[in-house]
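First up is the structure itself, then whatever we jot down about it.
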Amino acid sequence: MSTPNGFPQHSGACVTRSTEGGAVQDLHAKKAGKAAKKEAGGDGVLTFEDPPSVGTSLNETLKLLPDELKAHMKIKSITPRPPRKPRLERAASLDEKSWRRWRRFRTSQESLTDPNETSSSNGSLQEASLSPPVRGRASPCQQNSLHSSPDASEAGPMGKSRGGTSDLGKRASEISSAFGGLLRGKAFAGGKPRLSQIMPARPLPPMEFNVASHTLRTANRIDSDCMDYRHYSQHKFGRVSSSLSDSRLHGNGMVCDNCSTDSMKSTFSLLTPIRSKDVRSRSYLEGSLLATGALLGAEELSRYFPDRNIGIFVATWNMQGQKELPVNLDDFLLPTDPDYAQDMYVIGVQEGCPDRREWEIRLQETLGPHYVMLYSAAHGVLYMSVFIRRDLIWFCSEVEYATVTTRIVSQIKTKGALGICFTFFGTSFLFITSHFTSGDSKVNERKLDYNKTIQALTLPKNVPDTNPYRSSSNDVTTRFDEVFWFGDFNFRLNKDRETVDSILNQNPETDVSKLLAYDQLTSEMSRGSIFKGFQEADINFRPSYKFDIGKDSYDTTSKQRTPSYTDRVVYRSRYRDDIHAVKYSSCPVIKTSDHRPVFALFRVKVRPGRDNIPLAAGQFDRELYLIGIKRRITRELQKRQEQKDQKSSSICSVS
């Protein structure tokens, strides 16, 4: 007969392993009808009533044991005892059971985390480890081994089934102490430790005391629609994040519990808290490039733009003086590719509509409450509007503008240039919109307009130059870090209408390389006679001029003007690779003018600055902002009402 673990059973022999540290392991062996008797003396030699049979079975048992266990083995005689009566135990309630489980987990956790483990923590671990066998009924071998001590053997020939309470408790404490020593690797003196203490690989993080309630934590949850902006923008455009992109915003959606360890973060909002002593001593009129706390310094720049790149939308449109504005500007200002809006919008208009304020309201209405108009200027019918994300208005300098008139004879200033400049953090920007002389053959006049513009634009005025050593008094474009020049340059294609039409019909999609071979501006820029140092993104759209109003067909009047790329966007930078063109296209769905709007998306590098420049101090057109938002809400309510009326007016007929 064998036990479940495979060892043969013996009736009266208990194999005991003893160690110097006092650790005890019992193996109970039984065999029906045979009993073992121990000889006088403590040499550990056994004699049996039937040596051949008992010895044979015992040897078979010993063969199955490991060699290391055999070396520390002693076999003691025991006296068979009747089985104990089961002791009735009060059933523990659910609360008691849960409290015991919690107590065991707590004590075991303390013993694992305490580097200098004490005996009390060992005892807790031992109690938790030994509690299952103590609580239940002990096995016969465990009972016999506990009573095989000299104290227990002197109790009587049969022994008391329960033994002395003090002796049993003493023996249990010895076993517990031995087991604790074994866990610490001290069970065998002079030998290899069996089990070493488990320590964490690194210090455990301190528990953060978060006083924010569940309601506040829920209120600060990041919008799930913007969770993928970091991955998408980095894959699509190389940008790591948008203007509000702190590294905390792209985590698991909860800002309160996942704050940066570099600085103290607020548990109630996304804003970085400011210490009282910093408020007392902080001055925005002083500061250096890397000064901590500088408004335009590296710390603030990295918080809003970790990759130090911003997205800029630049557009130009000759409106032909039409009073009628497009019903929807979404396709113009918010193209479907890319999926995310830019940080800055600059729109230049030539031959603008009579109501300039209405045009600006429509721009604000389209861009929505996330953007404010930083500045707007006009020169006759040349308009320029600069919109920026409302969170970024504090990092802009004062905005300055200047104008140049290239046609003095005309009473209405239709030809000329308008420039707007400002500094964002430590990078200076210049935006110029122009309307050059028209006419197929007037290339030299257009070059004169360009030369007059770069010499006559008196910018900057009060805002200091970020790098005066690389500036020239004869060229305004050299006095700024990043320059964007856009408008109706009026450069044409040096080819007749029939040839251009045949090329367009052969390539109805976006292959316009044959047309660009006849482009006047491309030819002049390659010679260096105009827009020196400027670049232009690859053109993959059809000519933006001249269309029949409201149609997709080019000029069908008697003049039969040749389609041309008159509307362009060019750019230059003081530093190499600061500007990267992401998209360059036109908007064919807007047909209220004979020109199609042309826009470009850029990724521009921004550098930290100093606080010694005149700041705009959060300047924006508040009145325009309120009107635009009210228009937006009204339009949405009207759309919902129309949908509701349409559903209610539908008639269901039952035949």
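Glycine too: its Cβ is placed from the backbone N, Cα and C atoms.
Taking TrEMBL as the reference, the stretch among 34-56, 218-240, 264-286, 448-470 described by the feature region 'Disordered' is residues 34-56. Within the set 1-22, 551-572, the record from TrEMBL flags 1-22 under the feature region 'Disordered'. The average pLDDT computed for the domain 'Inositol polyphosphate-related phosphatase' (308-610) is 94.
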